[in-house]
Amino acid sequence: MASIPEERSAEHRARSYQLEMFEASLKGNIIVVMGTGSGKTQIALLRIIHELENSDGKLIWFLAPTVPLCLQQHRVISQHIPAVKSRTLLGSDKVELWTEQAVWDAVLEGLQVIVSTPAVLHDAMTHGFVRISRLGLLIFDEAHHCIRKHPTNMIMRNFYHPALQEYGPGAVPRILGLTASAGSSREGLQTIEMNLNSVCTTPQAHRQELLEYTHMPELRRVLYTPLMKENASLWEGSTLQKLLERDNTYCSGQMKTFVCKAVHIFQELGIWAAEYFIRASVEELLSHAYVHSKIDLDYDEREYLVNILSKSPVPDIDVHSTDPKDFPVSPKFEALISFLMSTEDINFSGLIFVEQRAAVTVMSYLLSTHPSTRDRFRTGSFIGMSNSTNRKTMLGDLLSAKMQPDTLDDFRYGRKNLIVATDVLKEGIDVSACSVVICYNIPKGFESFIQRRGRARRQNSTYSMMLSTEDDGSTLDKWQKFEKIMEEACLEDRRRTEELRALGSLDEDVCTRFCVRSTGAILTAEYAMQHLVHFCDTLPRQNYVEDKPEFSFERNDGGLLRAKVILPSSVNPKVRRAEGKAWWKTERAAKKEAAFYAYKALYEHGLVNDNLLPLTKSREFTRKDISLLPAVQKVSEQYDPWVDWAHLWSSTNLYQNRILVRQNEEDTSMKFITPTATPPIAPMKLCWDSETTYTLEFEAAGAVSLTAENIERMRAATSLYLQATTSTPLAGNKDYIALFGPDLPWDELETWLKKNQGHEPAIQVFSSQRPLDRMGVVRDRSRYGELLIFKRWLNRSGDLELECDPYPSKRRNLLQRQTLAKKRPAEDEILGSPTKKRILSASHCTIDRLPASETVFGRFIPVILDRLEAALVATRLCETVLRDIQFQDLRHVITAITMPLAQAPTDYQRYEFFGDSVLKFTVAASLFYNNPNWHEGYLTETLHALVQNARLTRAALDQGLDAYIISNRFTPRKWSAPLISEKLYASASTRSMSAKVLADVVEALIGAAYIDGGLHKAQSCIVRFLPEIELPETKLPRPESMPMSKDHKKPHLIQQENLENHIGYTFKDKTLLMEALTHPSCPYDTSIQSYQRLEFLGDAVLDMLIVDLIRAHHVECQQGEMTKIKHAIVNGHLLAFLCMQFKWAMPSPLTPSIDTGTETETEIISPPPKTLSLYSYLRYSPSRPLPLHVEPESGSSNALTRHNLLCPSILHALNNTTAYPWSLFSAIHADKFFSDVVESIIGAIFVDSGGDLGACAGFIERLGLVRIAKRILDERVDVTHPTQRAQIELQKLAARLGCNDGFRFECRTVRDLSSGKRKTLEVDINDHYGDEDPAVLGAEGPELTYTCTISLATLRTNQDFGRDLDDIVVTGCLSKEDAEIQAANLVIELVGRLESGRLYKKNMDLDIDTGVQVDLDLDMNLDPGITTG
């Protein structure tokens, strides 16, 4: 079988001819006949995956002719299908000793794929341990062996065909054969077809593509002069021969075989090689004479053999000589050296096939030692792995089977470039395509000839035969015949290629046409192809995926073609596949017709618009009236509720409210008269000073009927309160909008006014001995009536004085604790503090009659009215714009419409954070459910268009929300009581407002609705502002469910139950889980869309889950902190890490343990379990596997390797440290699909559960995300991104140094210059980090690295540092973010050292090698590749 080719095609998907063969295998039993290196393994993998995903529970048995090939194919299957339960069954497992059915049942239990040699399966079936009915699929690698008495044919003859004849096709497995040589004659081909009950098949519709990947080598003859007959027959008739033939003991047999091998090596390679063989064999025997596992002879035989050979003379050879004459070799080997030295390929890689195992070892050693070849060729040897533990013929067997895998690996990775091997390497073994293949001995048959030739599959390669000049002619004629066959085959292929090219120039007229009536747009077959390619170019880009239409063809009996096109897997399955209807002479015409029908289907399913163009952001997704919105809007002035109240005073209906004032344990109260019922007002906490707070509670309003006299008295009382707290006389008008007074019966109000209005001279108050609790505010007339708080009287030197404290400033907002005044300390603490205590002459002062304990009401009135105004604005908003939302708690609305500029107790920033996620979630779900045909690209573009600030700004303006946004700042010093006379004649005006504020308030209201009444109320609020949003019916089945999904009992996914158990959710629609695990590169299942749509939905669901977790936390965080926390929890780094961590053990296949002493006791042992991960279940392209396995031999490092290295440090940081491990995450640089699959599974659970967020929360809790999130919240982990912190630190430092210039993070990509490519990318630190780095997309190879430079030119202008301070440079990073984080960490450390005064000009020196400043005095423990100033 052709191994997986080393060359990587530019197309990272299954080739068309491979898909043609795969689809043919689904229709019936076939034998795939394709050349070596054409990729038959891919076909087998596709067939195995299909069988597993449509499994009936039967075994898949893969038969390979040799042990190395079995091991190789099992490795390939395990790497490409990690979730499969598979194992090998080989002779080394001692299967011949498994003599009980219970042993076989235990071994095979739970397995899905078995790889073995044919003999193992034949023996098991012969003894009845494995029945043919238990097999679902039989794969025959190197199917041409299925003839005569070969075990493969015995399986078919003795078990398959009898069962087929007796029970029918349902009782036997499906057959897939793979071969590069189906036979040398038509009769042989028919025999193999009959034996395997299959039809030999080779690509027909895509033969031209197959020819592009298979290269016929040039056949060359290497002639040599044979040995003279007298030298060749030295052994015959010798004394040694007679002696050995006379005895017939086991030792004589060993010696006879040994001598025959030595003579063969002498004849083939020469005397030096024979002497080396004898010497090395004797040394090998003596060194392992008493090791049981190496030589299995009894004691006497061993002693006898050792005694003979230890006394025999051993040839002395010189292996270090530089003179070729010291290496006498045979003429045949001389011809080989001459041929090898004539090759001039600098990338030489070659194979030499020899006949005997012993000759392999000796020739390899001779080539690596001979002066002519040892410096040019790096030689290895390979004899296979069939060394049995019971082998007793060990004398002269020099090569250990344990060395074989190393030889092949060395050859694959270029550490060796020439391999000497037996025929074991001619079939299937995965080796690099060779430039030279040499048959040192003539192949024994046509199949061997073809198989050896298949190793020379590099372009312009050579296939050489070693032929004797004295050959009788028959052998040469035979190979000349074969050479002619090869030449004719090449010519036939060339003729076929020329015919196809000639047909390609034929211009067939494809007369298909489609017209869109609404626009007149026309689609024709002539331009359909470029339309289709353009559509594919607009699909979302993904690494490991090439988004382009894939065409395949079928050919009818008349040789005409019909095309089929398959679009990338991100396209809906309904339109992903299209076929032509007519038959054509040329592929060009067939492709045009298929492209026409494909594009027409895209239009019919709404994937292109009426202009027959892909939907774009500028047309379908965005309203035209939002693109022209300026950044600053002219909007309505803030709604003034006092205007409405001024008009309501004309009515006789009044309402009385009661305000309860609590201070410590003392309660007082006030009356509050309004012209209408007031909305509920939340209790207020007013901060008088650092130790004194008042709590105001409002009782419900009740209607009251007041006389004109009482209204006037309430106005007087209101004026009294307001005047009591200001030194400025009030205006004459007292028609206040709201009236305040003492909580007294109405008939006592006039008495209260008379008692408390006005003031008295301080001297008079002193004379009347007014009680201290009735003492009013002191006014210093010498200082314009400055207000003071009376403390005590002082009568010193006959002058009456007052000791007072300053009255709290009117500038202070009592709602804000940060502006608290300090309470007056104890008297013994202020004796030396004249700024606090005031001593005034009584003659300059007056004292108000209103007690100071009641004057505080005058300070409360502005605060009460300010909060009442906010409540009235919110109430009016709820009665108009939000009339359908029905908020329960008005405080949420007040918070949502209050700008930070207003400096109110709350503002919209926190609610905007919640609303943003709720909006994104709702719109994403709506788009997902209501547009089942749209791919992820359309969904993402539409989501961004609907939730962008411009759209929300337009929604706010359309609904008139601008008038209800509270921007007026409450300033107590400038505040004046609203008057009826002023408000009656107020005129409308406008104000300027940022468009972003309007958008933020919309999101804040959505957040307020979410907090007030949950998700349903929030979504009602969304529809109010964005009526185009159709709320999704999440309880209904997804509209795009495939017919497969109706069969819920069928296990469509490999090991699905195991996966569902660990996810913690059992899917009702199994295809949803398949879709969630289908990578966009998956080519073989056109009925399932890739996971991108579900990942789009899951991303929004995850945001919603984390936001709900943050909201429910007992500690309230500010908006900026919540944003950083959410980013730390849902970022792709953490999700990818948790995906890699999400592992569990799958029990390995059981293995019987045999007691080799008795060979009777069998114990079933369980090997270490196989580890499965979430990513093990990904369905992807076998032709370009995702990097899910560590291959250290390749010299490269993938994300899993880096994860294994950094995992302990990351876990320690996540569980113990106070800082988030941004640097460690960026160093892993995980591929995006690791995080994508987590989000796609969340999306799949959400859809399958009918929108149950709890089910999704259960999965992320199992994943470990909830635990990490709770620790971040509970322990206040610092989640600030290093680049943000570095920018802040640099800006602070620049400000302190008086520098105006900012700092810039400059990032560029650097390719290895040997690749001939170079890219440069400069990125500002504030740039958005996308899912993929721009330079990574389409990049190949590990040579792409990033360098980040942070210019410190601004600092160099400062005299404290001078010009010796150089820029910070970080090199060799795998991603842009990693480079910037590494540089940012150095900036943070550098700034700290600069500010501490430890780093100065005298400490700096220039690194000559790098040209970059380094700190000679600091131990900074930098990573390799990092230099710093």
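Every residue, even glycine, has its Cβ placed from backbone N, Cα and C.
The feature domain 'Helicase ATP-binding' is assigned by Swiss-Prot to 21-200. According to Swiss-Prot, the feature ATP binding site maps to M34, G35, T36, G37, S38, G39, K40, T41. What Swiss-Prot lists as motif 'DEAH box' is 141-144. Per Swiss-Prot, domain 'Dicer dsRNA-binding fold' is recorded for 528-622, and the stated evidence type is sequence analysis. Taken from Swiss-Prot, the feature domain 'RNase III 1' applies to 874-1014, supported by sequence analysis. If you look up Swiss-Prot, you'll see E1095, D1236, E1239 marked as Mg(2+) binding site, on the strength of similarity to another entry. The site 'Important for activity' annotation in Swiss-Prot covers K1232 and is backed by similarity to another entry.
Sorting each residue of the domain 'Dicer dsRNA-binding fold' (528-622) by its DSSP state yields 32 helix, 18 strand, 45 coil. In this view, the densest Cβ surroundings among the binding-site residues E1095, D1236, E1239 belong to D1236, judged by other Cβ atoms lying within 10 Å. Taken residue by residue with DSSP, D1236 (Mg(2+) binding site) is part of a helix. According to DSSP, S38 (ATP binding site) sits in a coil region rather than a helix or strand.
Over all protein chains present, the Cβ of M34 (ATP binding site) has 23 other Cβ atoms lying within 10 Å. Residue counts for the domain 'RNase III 1' (874-1014) by DSSP state, with H, G and I taken as helix and E and B as strand, are 91 helix, 8 strand, 42 coil. Other Cβ atoms within 10 Å of the Cβ of S38 (ATP binding site) number 26 in total over all chains. Nearest to G37 (ATP binding site) in space, judged by Cα atoms and limited to the recorded positions K1232, D1236, E1239, is K1232. When Cβ atoms from all protein chains are considered, those within 10 Å of T36 (ATP binding site) total 25, not counting its own.
Note: the CA-CA distance between G39 (ATP binding site) and E1095 (Mg(2+) binding site) rounds to 32 Å.
In terms of DSSP helix, strand and coil, the motif 'DEAH box' (141-144) has 2 helix, 1 strand, 1 coil. Cα spacing between G35 (ATP binding site) and E1239 (Mg(2+) binding site): 42 Å, rounded to the nearest whole number. A separation of roughly 41 Å, to the nearest angstrom, links the Cα atoms of T36 (ATP binding site) and E1239 (Mg(2+) binding site). Looking at E1239 (Mg(2+) binding site) and T41 (ATP binding site), their Cα atoms lie 32 Å from each other. The distance from the Cα of E1095 (Mg(2+) binding site) to the Cα of T41 (ATP binding site) comes to 31 Å. Summary of the Mg(2+) site environment: with the site residues E1095, D1236, E1239 set aside, the chain residues having Cβ atoms within 8 Å of the Cβ mean position are Y1091, Q1092, L1094, F1096, G1098, D1099, S1235, V1237, V1238, S1240, G1243. For the pair D1236 (Mg(2+) binding site) and M34 (ATP binding site), the C-alpha distance works out to 37 angstrom. Neighbours of G35 (ATP binding site), defined as other CB atoms within 10 A of its CB across all chains, total 21. Comparing K1232 (site 'Important for activity') with M34 (ATP binding site), their Cα atoms are 36 Å apart once rounded. In terms of local Cβ density within 10 Å, K40 ranks first among the recorded positions K40, K1232.
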